[in-house]
């Protein structure tokens, strides 16, 4: 018994020892031990001459961008002491001094990849950059910040490849290694193979039973079935490509495909050729192929006598031996239904890849469709322009969807159309301004949209052209029956109705301007001297100069509206004092100057407030009659008071009675001052270089005119229905549309200022607030607030109080220059 006990005890001790040994063996990390030994050796080499080896030694063991781990171990047995985590933007570890120090400067990236060397990377240390390299068969993965095995399908086209030793270690055993595989690189697994897919991914596949992978052809080939069998032996082996009249038999120790005699088919149940219809012994639903059909076709029995030809994207055979259709139509155009199908968008301006479909054996295994929504859609530039180009939000770049830029979008044309919103003047500016493809670079980098637009357009005026082709940016003379540029309204072209030939070019000099609604395109205004011309050279400033006003000081002309109105008012408000007849002014145009001044003098002119001197002696003054009843006064009364006068050279002293006091004559009524027509101010409203409205401010130099203006403004008459527009009277000829077919206008009929209701409105507007159809306020001198309408020069309008601070010595008149 003692021997048995000792044997059992020995077995127990051996078992315990074995367990302890394997526990220690498996827990021991040889790689970590080797690294720590190298660290200790390096530290000893560099410091032992100065200081002894410490009991605990630290080193940087892991780096994750700005975060790093310092591992501390005991130097006597290399066992772990502890680990600490640190941020290199805060502190850095000094290996030789074994202490931490404050970071001197921030480092953007501690680890960076090298695009030209996939297996290398750069580590930025405290002393500078250090280039490191991954082991062979590995590459650096920046996302994971570590070396990973090289992709097995990297650099390989889609297809089947033999499974060598390295691929087996990496893909099957999951033990990637950096060892040298060159000795067995010609060896491969007999049945396993690598399938590289079109999307760059891979799969490990295995050939069916009795098949071996042929590395040369990349196909699974059947193993030899005729070994030890006689010639003529028919095999129960029916490959997918075997036709209905074919079978496999042995010849010379190898299997070959044999064919039945004409008009016969092979009965796979009887294993012999028979003369009958293929459906006769298989029935409805049976499928078969013949030599006269395509690779993607097969016959399907409808009954025992008829079959239907089926055409597929891809023909496959199931486990039951029957043919069926498979595959996706999107893969039909790819060789063998395998590959990558790129989705490309092409238009007049840009070309880009919007996505991809990856197929394998006619089946879609991956599909990517990027968000190609137009980033320019519904975008307005300078509040009126839209771009006639589509630029995607994303495109496919390097197999992934990425933000679209000019680096991953191909530019087919440097120019693209620019369209403007509809406007009240029916002006089409697509031939005036053309977009440049460089605009997309600014728009995709977050630049101000209006600035990016203005800096990346080509204007017709820049190349001294009347118009540009919207697609090519080339100079053109015709675009329809007429062509003009509102950004350079010096001229206009008249063409044939088809727009094929130029008939004439109209040049607009002083006194003429572009009138878009006239058939001859020419408007006239004696005061206009191209005041709406834009002097800027920068396209950005030009496209932003859509609405502005020019203020001009000029002389009143002989036949302009100021002379006409002031003459009428002067005639009405000047009369002679006693006869109450209107003083007819007379013009003397010989005194008109250039620049013209008009001074009109009335008959019996007299300046207002002048002083009339009464003569001391009036020999023609009548003597008053004495009508008192009584004795007649004596011709000579010696007792009356007399004044004696002695005249030199006279005969002596004489006396003369005191003359009675003279009754003064009433002074005549003041006569009117002369009508002076001197200065006027012109306010031209401009839509780019197109003059739209002209406000004339006539300066009054006569008190009688100033008084008359006050009286006219105080006694304004208003037609029924125009009460909300009574304040139009501040500016003559001002018009406002109030909706419901009511249009009101301020007029002067020679006697009074009246706001009349037009029988038929001259203009109707969809937007009453802006008095326009497109919502743009072109007329800056008509104001609308709370259903009330007022005409007032813009610089005199008080919007808060809805009041017009009209100048008492000014008369205002408004012209619509385009309609």
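Numbers run from 1 along the shown chain.
Glycine too: its Cβ is placed from the backbone N, Cα and C atoms.
Summarising the annotation, Swiss-Prot assigns disulfide bond to 207-220 (among others) and lists sequence analysis as the type of evidence. On its own chain, residue 220 (disulfide bond) has 191, 193, 207, 208, 211, 212, 213, 214 as residues at least 6 apart in sequence with a Cβ closer than 8 Å to its own Cβ. In the three-state DSSP scheme, residue 220 (disulfide bond) falls into the strand class.
Remark: residue 273 (disulfide bond) has 245, 247, 260, 261, 264, 265, 266, 267 as non-local neighbours, by Cβ distance under 8 Å and separation of at least 6 in sequence. The DSSP secondary structure for residue 273 (disulfide bond) is strand. According to Swiss-Prot, the disulfide bond annotation covers 260-273 (among others), on the basis of sequence analysis.
Feature annotation from Swiss-Prot assigns domain 'Chitin-binding type-2' to 223-281; the stated evidence is sequence analysis. Per-residue pLDDT, averaged along the domain 'Chitin-binding type-2' (223-281), amounts to 91 for this model.
The annotation region 'Disordered' is assigned in Swiss-Prot to 650-671.
Under the heading signal peptide, Swiss-Prot lists 1-18.
Annotated zinc finger per Swiss-Prot: 147-196, in sequence order, evidence recorded as sequence analysis. Helix, strand and coil content of the zinc finger (147-196), in residues and according to DSSP, is 11 helix, 12 strand, 27 coil.
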